[in-house]
Amino acid sequence: NPCCDAATCKLKSGSQCGHGDCCEQCKFSKSGTECRASMSECDPAEHCTGQSSECPADVFHKNGQPCLDNYGYCYNGNCPIMYHQCYDLFGADVYEAEDSCFERNQKGNYYGYCRKENGNKIPCAPEDVKCGRLYCKDNSPGQNNPCKMFYSNEDEHKGMVLPGTKCADGKVCSNRQ
């Protein structure tokens, strides 16, 4: 390390730092230098203070703050919305399904449920139908599936609406409710 004296294991004269995201050429990075990029609208970038070699702690916007033009709410640094979840599962031209598809989550069967207890699929309460299985509308060429869903025996959570997803105005899914 060019900033340190190997014989003494101390910083060389004139050096402010020897490592860190906010250490450049043995000096603290200038105040305002980005040291951690934003990962989403709910996770602002962090910047060096000019007083330390370390990047400040990773902070997120408060859970529940509206994001993506009110399509979602911040949740642990992300803005989970059903459109993105459908895209991640199925790719382009797939969108959140109509509300009628989510009504299937009241059945408590393979096609729709909110959670499992002792291996049994528990139906969603009417107000929680958008917190169970995720339904997507497939508009890709040659497809006409208005209530597309994903099921995996290996990962029972894949294909379910993610925690923190907006399910109604002012409401998000938590514990599949």
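Cβ atoms here come from the backbone N, Cα and C positions, even for glycine.
On a predicted model such as this, the values are computed, not experimentally measured, just so you know.
Among CYS42, CYS48, CYS55, CYS147, the cysteine that Swiss-Prot records as disulfide-bonded to CYS101 is CYS147. Annotation in Swiss-Prot places CYS3 in a disulphide bond whose other cysteine, of CYS17, CYS22, CYS23, CYS26, is CYS26. Of the listed cysteines (CYS4, CYS42, CYS48), only CYS48 is recorded by Swiss-Prot as the disulfide partner of CYS22. Bond annotation: of CYS86, CYS124, CYS173, only CYS173 is listed by Swiss-Prot as forming a disulfide with CYS131. Look at the domain 'Disintegrin' (1-63): DSSP puts its residues at 0 helix, 15 strand, 48 coil. CYS147 (disulfide bond) carries a strand DSSP state (E or B).
Excluding ASP43, PRO44, GLU46, ASP58, VAL59, which define the Ca(2+) site, the same chain contributes ARG36, SER38, ALA45, ALA57, PHE60, GLY77 within 8 Å (Cβ to the Cβ centroid), listed in sequence order.
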